[in-house]
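Student: I am attaching a structure below and will ask some questions about it afterwards.
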Amino acid sequence: MRRVPEHAPIVTAAAMRAAEAAAFASGQSQREVMERAGAAVAVQVARLAAGRAILVLAGPGNNGGDAYVVARWLAERGHDVTVAGLGAPTGVAAEMRAAWTGEVTDLDTVAPRVVLVDGLFGTGVSRPLAADVARALARLRRGAAITIAIDLPSGIATDDGSDLEAAGADVTVALAALKPGHVLGDGAGASGHVLLADIGVPVASHWHTLARPSLEPPPRDAHKFTRGMVAVLGGAMPGASRLAARAAMAAGAGYVVLAGEDRGGPDALVHRTTDADLFGDPRIGALVCGPGLGRDAAASDLLDRALACERPLVLDGDALSLLGADAATRLRGKHAILTPHSGEFDRMFGVGQGSKIDRTIAAAARIGCTIVHKGADTVIADPAGRVTVSAAAPTWLASAGTGDVLAGLVAARCAAGAADPASEAVWLHARAAALAGAGLIADGLIDHIGGAIEECL
Ligand SMILES: NC(=O)C1=CN([C@@H]2O[C@H](COP(=O)(O)OP(=O)(O)OC[C@H]3O[C@@H](n4cnc5c(N)ncnc54)[C@H](OP(=O)(O)O)[C@@H]3O)[C@@H](O)[C@H]2O)[C@@H](O)CC1
Ligand SMILES: [K+]
């Protein structure tokens, strides 16, 4: 499983440039910042290289400037370093090139070494890599035991993570902040483990990586209703709603109701009919609608009643499919958390423009609800534009029923009155998956929710 720093700011290329400009305006010199960036990367390279031969690739821009600093820092400390260059840097990067007293060989002909440091392109990549550059990079990566990228793997688009012929890295040292390219789409996979280096450039952002929540055990005067009541609407596929209900129980909801005709599930699960009393029950802290609901007239009627009631909603699966393109009008002003995968999201809000972060923010603002846009890169956006990205969840989660478990987790945290139920639930879900290990199934995931909670106490 890859590692990504927790609660790290995420900024676009433009926002990073603005932060750098502000730092320069406040008196820092670009030379100082580049020296700091190079040194921060070099410390990690030295640690990971452990005495092995290092090849540093230096590109034509400031990412290449950082690379020349890395090479100089390592050589000064006795490491075995060679450099291959692409293009002629300008400005401060040219000064760093001049300060490197060793040879600079050609990218096309250089032989691979055990440790590869990729400083070809960072946030300034503006188009797909030329075929010869992509080929050389891929060849050198294949010939290396470990590849460490400076700021971004060369050829990953900074703002949306799309692949512009990148070869990828095992470790990426992000400078000052993470970029969407480290956490979204192909870029998330290409970045490998991500480390965050402080280069003295302050960065403010409303976007962050997911962090372990801080939770409390129930207080001494707790009883089942103060811990949160969750109701799950059953439907055509009872297994899915049962998974959501069981997950809510395991996540600490004090009283969980499975509403409908299904009488299955554990003994502690309370069964009720979907009558008016249920939808008017003021004790319900979260009503889950969607897992296993079905898409027939009965399902549609249950969704209508859920939307008409005053309780906080967690909408998933079939509820989202039933809403489809009407989601924007029908959900506006509702207290709801939506948990679509990308197919459901696109059906509700259209494919649209921009990165997954941009599109999720726009949809959350449009409907005034929090959206958990699921995937290998889960993006959580609230209507105020705050974003949390989960980019390191185990890929074993890609199996039937894990989304139903997540809906139950969100509902339990919502009913418990958590400040950020969606992010907490996504963290617990990913952690339970890590504890469940390889080959997990949704039922087994539930058994590890308690263990995940223990790590947050
Ligand atoms: N600002 C600062 O002071 C600091 C910045 N820092 C570092 O700088 C990095 C950003 O630097 P940057 O803006 O110079 O961009 P960078 O990623 O080096 O690439 C631009 C060059 O590549 C070229 N180019 C682009 N795509 C190409 C392609 N496909 N194929 C071929 N060429 C291509 C492009 O040429 P052009 O597009 O103009 O033709 C230009 O020459 C950032 O990630 C961090 O590492 C840190 O040191 C902290 C201080
Ligand atoms: K790079």
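Glycine residues also receive a Cβ, built from the backbone N, Cα and C atoms like all the rest.
Any TrEMBL annotation is an automated prediction that lacks curation.
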Student: K374, G375, A376, D377, T378 bind AMP in TrEMBL, but which of G343, G403, G408, G417 does that record place at the same site?
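Tutor: For the AMP site that includes K374, G375, A376, D377, T378, TrEMBL also lists G403.
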Student: For the K(+) site that TrEMBL gives with N63, S154, which of D106, D118, D132, D186 also belongs there?
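Tutor: K(+) site check in TrEMBL: besides N63, S154, the record includes D118 out of D106, D118, D132, D186.
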Student: Given D377 (AMP binding site) and G65 ((6S)-NADPHX binding site), what distance in Å do their CA atoms have, once rounded to a whole number?
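Tutor: Cα to Cα, D377 (AMP binding site) and G65 ((6S)-NADPHX binding site) are separated by 31 Å.
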Student: I want the residues beyond K374, G375, A376, D377, T378, G403 whose C-beta is within 8 angstroms of the mean position of the AMP site's C-beta atoms, in chain order.
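Tutor: Neighbours within 8 Å of the Cβ centroid, excluding K374, G375, A376, D377, T378, G403: H341, S342, H373, V379, S390, A393.
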Student: So which of D118, D151, S154, K374, G375, listed as binding-site residues, have a Cβ under 6 Å from an atom of ligand 1?
Tutor: D151
Student: Those binding-site residues, N63, S154, K374, G375, A376, D377: which ones have a Cβ sitting under 6 Å from ligand 2?
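Tutor: Correct list: N63, S154.
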Student: Beyond the listed site residues N63, D118, S154, identify every same-chain residue whose Cβ lies within 8 Å of the center of their Cβ atoms for the K(+) site.
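Tutor: Apart from the listed residues, the neighbours are L57, G59, G64, A67, G119, L120, F121, G122, A149, I150, D151, L152, P153, G155.
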Student: Are there residues of the same chain, six or more positions away from N63 (K(+) binding site), whose CB falls under 8 angstroms from its CB, and which are they?
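Tutor: G119, L120, F121, G122, T123, G124, I150, D151, L152, S154 - these are the non-local Cβ neighbours of N63 (K(+) binding site), listed in sequence order.
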